[in-house]
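Structure, as structure tokens:
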Amino acid sequence: MVVGEFAEHRELIIIGGGPGGYNAAIRAAQLGIQVTVIEQDQLGGTCLNRGCIPSKVFSHAAQQVASVADFQSFGICVGTPAVDFAQLISYKDQIIQRLRSGVENLCQANKVEIIRGRANFINDNRIGVELGHRFELFDFNQAIIATGSTAVMPSTIGENDRILVGHTVYELNEVPEELIVYGSDAYALEVACSFHKLGSAVSMVLDNKDFSFDHTINRELRRVLKKDKIKVYRGYQLEKVSSDSNYVQVGLLKNNQKEISLSGTHLYMATALQPATTSLELNRLGVKCSDHGFIQVDKQLRTSVPSIFAIGDVTGGTFSATKAMKQGKVAAEIIAGKPSEVDLTMMPTIVRSVPPIATVGLTEEEAKEQGFQVKTSQFSYSGNSYTMISNQKSGVAKVIKDNNSDLLLGVHTIGANAIELIGSGIIALEMAGRDEDLRFPLYPHPSYNEILLEAMEGLSDSAIHMKPVESQLEKSK
Ligand SMILES: Cc1cc2nc3c(=O)[nH]c(=O)nc-3n(C[C@H](O)[C@H](O)[C@H](O)COP(=O)(O)OP(=O)(O)OC[C@H]3O[C@@H](n4cnc5c(N)ncnc54)[C@H](O)[C@@H]3O)c2cc1C
Ligand SMILES: NC(=O)c1ccc[n+]([C@@H]2O[C@H](COP(=O)([O-])OP(=O)(O)OC[C@H]3O[C@@H](n4cnc5c(N)ncnc54)[C@H](O)[C@@H]3O)[C@@H](O)[C@H]2O)c1
């Protein structure tokens, strides 16, 4: 390997061009900083190339397949939908390519320098970059580590192309005939719903008794999964997995006793994640990390080494692009000398299942545990005129407030357009809104927005399209 003799100087170096890295880069450039991003693979990182974007192409296709069943009601005649998987993959690749070019163009327009190579630290002001057969050195004033995470497959599972994780499941070239999904998180649920609609026979195995949503959402989810004939096994631990070139066999334990065995053509496994730091030589810096190796940061994304910041999956906690992007912008602002910080309290959870789920804030159970005097209200999708028109009657929106202060604590929705609806909930919670703040505005009619309005009105027993509760009838006597 040819090693460069002199170290070139850069103001800010960002290692990793995923959503965390490129958001940090563009914000820093906007604030007048000279920025260099070092990326060993593709700009856009996991999210754009293997995660958020490909998974959403699949879930959108699944939603489209589901909606064909409604066409007949509108007098639109089409046959039974058939999925051309090769075309879907080609579409996914086109979307990734287009979005990636968009990120490249934005970086160029903001004069962000992109270096293609693998970076590692020499010391707390110097980075080495492997560029094919060359090794270049760069000094920097500040660096941001944005290298993401990788899935850890338990060593007992063994390797087989039929055993899939988040980073590989959307790279399949065929629709699995029989897919076993092991896990109860957002990723697993999305995999189950998407592949089910695309033609797989799906069984879901939950390691927990239920999903981790509010119990009202869990109940509606249980109903729709049952209606959709997705078989769900609850509270099972994975005991063993064996596989050959055609099948995967899974042994499951419940309370360490009853064993059942499932077999399918493919298995999706929810896995733990580890920080992508092995190639960085962090030991040369003395950056403080958690027991699992995630880099510890404060609310301004500073690590224990003053010249080094870290953002995104590599900092552990919640693994999401939403978080990585926000942290990227905040780190850049801090480096530019602006006051800024990250607060993840009102981080939404979204799942593009069929139907989708979107939640923000506390569940009813969490609010009670935290000692709030809780009042809840829920409005069923079937009571809304636009869900009736569009034949999307499955779903419910639930809102939770503190009865002492009237402050909103949580908004939870399952049903069509849930993810688009949650925006108002996020803003309301972030602005410390009360239910009256959300009852006051004018909501367009007829529209899905009115689902949230009616749920809010329900908190003061004043929803128009909800039957009166017993206590109200008593009062009016
Ligand atoms: C299937 C799936 C679906 C998902 N869906 C969603 C979703 O809907 N919503 C959501 O918010 N999140 C979602 N996520 C999570 C999201 O993708 C990640 O949280 C996000 O990509 C993390 O961003 P990041 O910038 O921290 O890291 P990454 O996106 O992983 O980017 C890190 C980059 O650093 C580069 N790199 C690593 N080491 C080096 C090195 N030494 N030198 C140079 N470059 C290096 C890598 O090549 C990579 O490009 C999903 C993930 C998966 C797998
Ligand atoms: N809709 C989605 O598919 C999706 C996917 C990922 C993240 N998100 C967002 O991430 C946030 C956190 O999600 P969470 O509440 O499930 O908590 P989390 O990020 O802490 O993850 C919980 C579990 O999800 C699994 N997981 C995490 N990252 C994964 C990955 N890259 N590939 C496969 N499995 C992975 C792991 O089993 C993990 O233990 C939420 O805000 C959610 O909106 C959504």
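In case you wondered, yes, glycine gets a Cβ from its N, Cα and C as well.
Listed in TrEMBL for this protein:
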{"type": "ACT_SITE", "residues": "His445", "note": "active site, proton acceptor"}
{"type": "BINDING", "residues": "Lys56, Thr147, Gly148, Ser149, Asp313", "note": "FAD binding site"}
{"type": "BINDING", "residues": "Gly183, Ser184, Asp185, Ala186, Tyr187, Ala188, Leu189, Glu190", "note": "NAD(+) binding site"}
{"type": "DISULFID", "residues": "Cys47-Cys52", "note": "disulfide bond"}
{"type": "DOMAIN", "residues": "11-328", "note": "domain 'FAD/NAD(P)-binding'"}
{"type": "DOMAIN", "residues": "347-455", "note": "domain 'Pyridine nucleotide-disulphide oxidoreductase dimerisation'"}
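Taking the features listed in TrEMBL, we show where each one sits on the structure.
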residue : record                       : DSSP class
Thr147  : FAD binding site             : coil
Ser184  : NAD(+) binding site          : coil
Leu189  : NAD(+) binding site          : helix
Asp313  : FAD binding site             : helix
His445  : active site, proton acceptor : coil
Inter-residue Cα distance where the pair is Cys47 (disulfide bond) and Ser149 (FAD binding site), in Å:
11
Counting across all protein chains, other CB atoms within 10 angstroms of the CB of Leu189 (NAD(+) binding site) number 25
Just checking: which of the recorded positions Gly148, Leu189, Asp313, His445 have a C-beta under 6 Å from ligand 1?
Gly148, Asp313
Which of Thr147, Ser149, Ser184 (the binding-site residues) has the most other Cβ atoms within 10 Å?
Thr147
As a quick check of your reading of DSSP, tell me how many residues in the domain 'Pyridine nucleotide-disulphide oxidoreductase dimerisation' (347-455) are helical, how many are strand and how many are coil.
40 helix, 33 strand, 36 coil
With Glu190 (NAD(+) binding site) as the reference Cα, tell me which of the recorded positions Cys47, Lys56, Thr147, Gly148, His445 is the closest one.
Lys56
What other residues of this chain sit with their CB within 8 A of the center of the CB atoms of Gly183, Ser184, Asp185, Ala186, Tyr187, Ala188, Leu189, Glu190, the recorded NAD(+) site?
Val181, Val191, Ala192, Ala270, Val351
So if I draw a 10 Å sphere around the Cβ of Ala186 (NAD(+) binding site), how many other Cβ atoms end up inside it?
21
Hey, of the recorded positions listed (Lys56, His445), which one tops the CB count within 10 A?
Lys56
